[in-house]
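These come from TrEMBL:
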TRANSMEM  20-38  transmembrane segment
TRANSMEM  58-79  transmembrane segment
TRANSMEM  100-123  transmembrane segment
TRANSMEM  129-150  transmembrane segment
TRANSMEM  255-273  transmembrane segment
TRANSMEM  324-357  transmembrane segment
Amino acid sequence: MAQLEGSQAPLEFGGPLGTAAMLVLLPATMFHLLLVARSGPARLLGPPPYLPGLEELWSPRALLLLFAWLGLQAVLYLLPARKVAEGLELKDKSRLRYPINGFQALVLTTLLMGLGVTAGLPLGALPEMFLPLAFATTLTSFIFSLLLYVKALVAPASALAPGGSSGNPVYDFFLGRELNPRIGSFDFKYFCELRPGLIGWVLINLALLVREAELRGSPSLAMWLVNGFQLLYVGDALWYEEAVLTTMDITHDGFGFMLAFGDLAWVPFTYSLQAQFLLYHPQPLGWPMALFICLIQGLETIPTATGRQLLVSGWWGMVRHPNYLGDIIMALAWSLPCGVSHLLPYFYVLYFTVLLVHREARDEQQCLRKYGRAWREYCKRVPYRIMPYVY
């Protein structure tokens, strides 16, 4: 990996040139998916049906809705928590404290949305605002990341992330300079990691389900499955929220555009792709196939990124990252209700596989630096990384 003069950690993601490209490609990919999901051909690899103008993208109402959503989740974050957990030890030997109330936020948000729909909230109209909402979220992510970068310029050296203080402004803006940017006890990275994006993903899926019911009389079985599977995933992540405190995002990566855009924009608007596809391209799904897909989803007992259980004792002796294998299997189960006539709904499987292979490589480098010879011995005993006998 490249390394800038004076930097203390190898550069990742292709260095300054690679991160500069990703500042453009990540938002462009998200908008491409939003556009092709509602188009007739729904071609993942083809051009979008059209390029929207600024008048279609910019909406003060969408920006207001976004700020209201972020404000609501911030208020729920500040409510008394069922538990306050300590993070890992930092460079200065201190430990930060984090409220464990993400599942509580999900439940309260669900109740509020239910009351809103009962009172006449037009939740089914939300899909028509996806483009301006995505644009507002992307713009907010850029501005937020700039403010985080400026804040980090006056942060002490002990507060900086291992990889985000290279000295290159573009690279550091993307990766994030400060490890745990806070105002008082409000931790921006921890808040964004699981709250607005994940719960927003559930809300978007629900809006798509409601819209399908309005158009066709009732939601399809495929739409129910996608909503149910992904709600279980989000609920699990928030119920075991404390597990995120030991992940690479919290312990290693700074908080910059990569995580800000990923958490706030990429997750809700890209991870809901299967439900978007089903709204505009309904797929027949019988009960036998639905039961088969549910069986595949049950294989999540391989530990996922939030996981705790093993499929069978010995998985960790066969591959070094069986949790990533569980994530890939689960992603496939989310896509199968969309049928096999289009590649588009399987974008998440392809993207997540690439993401996990890249993250596994980053894990390997960190473990090698941390454990040295012991890690090399472990790799000899467990040669496969994610997929037994394949990779």
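In case you wondered, yes, glycine gets a Cβ from its N, Cα and C as well.
Because TrEMBL annotations are produced automatically, they should be read as predictions rather than curated entries.
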Excluding the flanking five residues on each side, which residues at least 6 beyond the ends of the transmembrane segment (129-150) place their CB within less than 8 Å of a CB in that stretch?
27, 30-31, 34-35, 52, 56-59, 61-63, 65-66, 169, 172-173, 176-178, 181, 188, 204, 255-257, 260-261, 264-265, 268-269, 276
Among 100-123, 255-273, 324-357, point out the range having the most Cβ pairs under 8 angstroms from the transmembrane segment (20-38).
255-273
